[in-house]
Structure formats: structure tokens, C-alpha cells
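Have a look at the structure below, then the notes.
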Amino acid sequence: MKVALLMSGGIDSSYSAYLLQEAGHEVVGIYLKLHDNDLKHAQNIQNIEKVSQKLGIETHIFDAKELFKKHVYDYFVDSYQKGLTPNPCAFCNPFMKFGFALERALELGCEKIATGHYARVKEGRIQEAKDQSKDQSYFLFGLKESVISRLIFPLGDRLKSEIKPEALEILPWLGTLESYKESQEICFVESDYIDILRRHFPVEQKGIVQDSSGRVVGEHKGYMQYTIGKRKGFTVKGAHDPHYVLSIDPKENRLIVGSKEELAKNVVYADPFALPEGFEHFEGEVKIRYRSLKVKAEVRLDESGRLVAHLKEKVYGVANGQALVLYAEDLVIGGGWILDSSLKS
């Protein structure tokens, strides 16, 4: 089978190319230029060319910067301006890696597309990876069934800790790729997301900090530098116990802070993004952010079309803009973008 592989220049995607060949597939490499860091692109492409030459793989480089800016970068920047906490990786996947890249793969005559994601496919759905510590199923919740049917994840049944030693034993020359930095959570952010926002907004505008009763208790450095649940970077006069960001008011450049218990929520509201056809009601588990544990929940659509998840236990740090992802055991059912949350008795 002819399979397109999204290549990054690192060991994971390079070893994936070898595994696909070992499984009998004809591999075609694809590299996407998404951001404006040309130095990083040059290093990645140099690595990819080396891998392609060694394995005899045809590779194609596509410049998708304009599309990426429209669908992902602008969304990222706009979200922070609105006081939200965006999830650019989950937002990128349906549009870029499994949208634009899949279209290019089909044009090249490929039947399927593979990536180095730590995830699996089962029964037409995204399944969690064997390596729970590296599982990336959360970021893939937005993929349509028609896309999932074309996916291959060569690393999904492997442990991350075993891949590098195994790869270097079989393909010792992969050691020359060691200068490749392990991919960050956000590909276009070098060190701190604030550096990106600083190009567009005056992010250091100080503002007031209030407690949940409206009393002014301190000062912060600029609302875009905070997310729900953050407990550092602002002052609270006379405080002896930790204070956490409860909400962000972008119009007034104001933070509302309180105790950890005030941060607790058990109802989450989300804008549906990817749901099974005919979805009305679901009982299973949900995740409110990438590194959170799954929580049992009952989820339904309300009269206005919002997803409403009633959680069986309290969660902390629910941030508007993040993804609410639904799981039936280890299978991703769908999800949406968090709009709000509350605590109900």
C-alpha cells in the first residue's frame, strides 16, 4: 500500500518510516512548512533528506504557512486576547496535518497517511496509545471518521522509552539526528507563548486583582500572561494561603482570584466540534485538558446546542478555550471547545 508519512526530522517519525517499510508499504514522505522559523525548517529538512536517502523514500515539501496562519496562528493569538486558553495542536490537526496534508497525500496517490503520534485506531475511532505517559489521543478528537479510516500510527503500540534504543540499534545512522530537539507542545513557540503575543499586543499592561467578592486585593502583570488555575505572577496583599486565578476579564484587564476550593467545578459547557452523527446523550469519561485524568461524566446537548458535561467528581482549573474530550474507555468519542464551567450541588 502507498502510505504518506508526515515527517518532522526527528527519530520518532524517521523510525516510523522504517516500520512502515517493514510492514510492506511504499512510503512517501511529506514535510509541512507551517511557521516562519526558517532556521528550524532548514534543520528539519536536512534530517529528512538524510533519512529519505538512506531508506529510499520519495519526499515532498509543502509550504502551508498562509493556511496555518489563517486556521491556527490567528486563532491562537485571538484566543489569548479574549482571555481564553487555546489548544493550537488540537485545533491544527483537523485543518493541517489531517486536512491539508491528507489532501496532498491523496493527490500523490497514497491510500493512507501515517504520523508519529502516540495513538491508535480501533473500530473506526481514535484509541489511546499503549504508552499512557505519551498518549496524544486528546489532540486528535476533532478528526472525522472519514479521516480516521485513512490513519496509521506506527508507534501507537510501542513505549516511547523503547523506541530510541530500538531505532538506534536497527538504524545506527539515526544517531546523527540527535541534534533534533524533541518537539515542543506548540511548534511555533520557541520558549514562551508570551513572546508570540508580544508581537501583536502590549502584554505587560498591569491590572487589578480582585477576590470573588469584588474586593481589590492586588496587582497583575497583564491578563494575557495568565490562565485559569495559575497561582503565581500576581500579588495578593496579606495572603497566607495560595490564591488561584478563577476567571479572566480581558475587557477590564482584571483577574479574579480565590482559594483552590473556589476553583472547583463539576459542570462543563462546550461548543461541539466533533460528535458522532445523531449524538444526544453519552455516559463515559471526559478530559478537560491534555494532562488531566479522565473523569466519569454524563454528557448531553442542551436546547441551545451546547455540550453539557455533568462530572461525577470535582475538577480544578477548567480553562475556557481548552478541549472537552469524551472517552468510552480508551476510545475517543468526540468533543468540543470549553465555553464555561460551574459548580452545582
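Glycine residues also receive a Cβ, built from the backbone N, Cα and C atoms like all the rest.
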Problem set entry | Of the candidates Leu32, Leu34, Leu106, Leu108, the one that Swiss-Prot places in the ATP site of Leu6, Met7, Ser8, Gly9, Gly10, Ile11, Asp12, Ser13, Gly116 | Leu32
Seminar exercise, completed: Among the recorded positions listed as Cys92, His117, Cys187, Gln322, within 10 angstroms of Asp12 (ATP binding site) by C-alpha we get His117
Problem set entry | Structural state of Leu32 (ATP binding site), classified by DSSP into three states | strand
Problem set entry | Candidate nearest Cys92 (active site, nucleophile) in space, where candidates are the recorded positions Leu6, Ser8, His117, Cys187, Gln322 and distance is Cα-Cα | Cys187
Exercise. Which of the recorded positions His117, Cys187, Gln322 has its Cα closest in space to the Cα of Leu6 (ATP binding site)?
Worked result: His117
For this session: Taking the Cβ of Gly10 (ATP binding site) as the centre, count every other Cβ atom within 10 Å, in any protein chain shown.
Result: 22
